[in-house]
Amino acid sequence: MSTKDSIASGYYKEPVPHIAHDSPFASMMERFRFAAEILDLDEGVFKYLSSPEKVVMVSIPVTMDDGRIEVFEGYRVIHNSILGPSKGGIRYSEDVTIDEVKALAAWMTWKCAVVNVPFGGAKGGVRVNPKNLSQAELERLTRRYTANMLDVFGPDRDIPAPDMNTNEQVMAWIMDTYSMKQKKTENAVVTGKPIILGGSKGRKEATGRGVVTCTLAALGKLRISPSNTTVVVQGFGNVGSVSAQLMYEQGAEVIAISDISGGYYNKNGIDIEEAIRYSQTHGNSLEGFDGAEPISNQDLLELECDVLIPAAKEDQINKENASRIKAKIIAEGANGPVTANADKLLEENGIMVIPDILANAGGVTVSYFEWVQDRHGYFWTEERVNRRLNRMMRESFDNLFMVSEKYSITLRQAAYVYAIDRVATTLKLRGIYA
Ligand SMILES: NC(=O)C1=CN([C@@H]2O[C@H](COP(=O)(O)OP(=O)(O)OC[C@H]3O[C@@H](n4cnc5c(N)ncnc54)[C@H](OP(=O)(O)O)[C@@H]3O)[C@@H](O)[C@H]2O)C=CC1
Ligand SMILES: O=C(O)CCC(=O)C(=O)O
């Protein structure tokens, strides 16, 4: 089989109704179509996997500190649960949309299949800027969102986790609200909890650690040593800061970092420990960080470097800027940071892209470990968590690298082919009955 230039033919070409043309869901579908064609996927299975199993939209009234009632919109999308209970984070963001959550939920299905964890895919979102809420308002919002989702969530049904702008504290409130309803502590209903509540050691760092495991594997394939590597990281939250720190610990020179306040560039390398300290002591913001020169988030993506780690949000590398990207490797810490129409341009420039559904799968992998530990009531050492995480990420990277070489396709295409084949085979074995 050779690399395909034009990916869609036959029924794969038919547009899926109600999907914005240029959106994360459209990007997901374009890659899904490519894999469906390679796999000669049954038309019914293609249609089934093109839409989510369940979409829940809720209205969340919150009493604000000044007594006013504000109403927020919340979502939970379960894309598919054929591989097991659905799994995926919850995002708080002013511009989250149902279409974005649908794409993120589908990516979770493929991601769990890529790393062979027995979960389906889901994602949640609330349209809110949490920076405008007090801690008490955030708690009331989270508890009401959870109350509205009591029939959706469950340790055997659907298990949330952190994503953009949500953290261990938010997971603790979800667990507590759910447990109150069950009249018993049910810590396996969420992952990414504080360790004292049944969280797993290593979960907070897991996504960044997985990004770095894959990056080191990719550098190995290109015969570049980590200590001769320059790295650029977009986004300095959970995924970006841990990825930057672990690459820095490997001896790499991290020459640029960024958050919503802008980019920070130092051609001689940034002291990442200092940057993390700065952000932690300045309200989780790099604003005013003086260990580097200011640079825009867009210019940062186009810097000359060996490794670019987009770890902020979707659609950052697109058909407008893809031909100006100079990195040798892009490790997708974020979900969907590259649009489908940029894939070809990056491939033509010989850039190795480690796709999101592999690169950032360390988070859900350790979430799986957390769920297993909660259900056993027996907790692992951090060393055991990290060793198993590294092994699973490395095996998944090697597996997809082999698939990509075998079929002369990119790592992203290999990831979709592998994941969709796994989901479709499971579907076939289980069967579909009314
Ligand atoms: N947390 C996890 O375990 C996982 C997360 N992911 C994905 O990784 C990405 C980041 O998530 P996570 O680290 O958890 O989120 P966080 O909220 O912890 O961090 C997000 C970071 O991105 C920055 N940011 C937001 N918008 C922009 C922008 N336009 N330009 C530059 N920086 C920006 C934020 O800046 P500021 O703080 O200043 O707003 C912050 O530094 C998301 O795509 C998420 O879906 C994927 C797998 C697992
Ligand atoms: O840890 C999890 O369950 C899911 C993390 C997540 O939302 C993601 O991988 O995008």
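We count from 1, first residue shown onward.
Every residue gets a Cβ built from N, Cα and C, even glycine.
Automated prediction, rather than curation, is the source of TrEMBL annotations.
The shown structure was predicted, so the numbers you read here are calculated from the model rather than taken from an experiment.
As written in TrEMBL, here are the features:
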type: BINDING; residues: Lys87, Lys111, Ser367; note: substrate binding site
type: ACT_SITE; residues: Lys123; note: active site, proton donor
type: SITE; residues: Asp163; note: site 'Important for catalysis'
type: BINDING; residues: Thr207, Asn238; note: NAD(+) binding site
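Here the features listed in TrEMBL are placed on the structure.
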residue	record	DSSP (3 states)
Lys87	substrate binding site	strand
Lys111	substrate binding site	helix
Lys123	active site, proton donor	strand
Asp163	site 'Important for catalysis'	coil
Thr207	NAD(+) binding site	helix
Asn238	NAD(+) binding site	helix
Ser367	substrate binding site	helix
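Among the recorded positions Lys111, Lys123, Asp163, Thr207, Asn238, the residues whose Cβ sits under 6 Å from any atom of ligand 1 are Asp163, Thr207, Asn238.
If you measure from the Cα atom of Lys111 (substrate binding site) to that of Lys123 (active site, proton donor), you get 12 Å.
Taking the centre of the Cβ atoms of Lys87, Lys111, Ser367 as the substrate site, the nearby residues of that chain (Cβ within 8 Å, site residues left out) are Gly88, Met108, Cys112, Val117, Phe119, Gly121, Ala161, Ala361, Gly363, Val364, Thr365, Tyr368. The Cβ of Asn238 has fewer other Cβ atoms within 10 Å than any other of the binding-site residues Asn238, Ser367. Lys87, Ser367 are the binding-site residues among Lys87, Thr207, Asn238, Ser367 whose C-beta comes within less than 6 Å of an atom of ligand 2, given in sequence order. When Cβ atoms from all protein chains are considered, those within 10 Å of Lys111 (substrate binding site) total 29, not counting its own. In this structure the C-alpha atoms belonging to Thr207 (NAD(+) binding site) and Asp163 (site 'Important for catalysis') are separated by 11 Å. When the alpha carbons of Lys123 (active site, proton donor) and Lys87 (substrate binding site) are compared, the span between them is 7 angstrom. Among the binding-site residues listed (Lys87, Asn238, Ser367), Asn238 has its Cα nearest to the Cα of Asp163 (site 'Important for catalysis'). Residue pairs drawn from Lys87, Lys111, Ser367, the listed substrate binders, are separated by up to 13 Å at the Cα level. Cα spacing between Asn238 (NAD(+) binding site) and Ser367 (substrate binding site): 15 Å, rounded to the nearest whole number.
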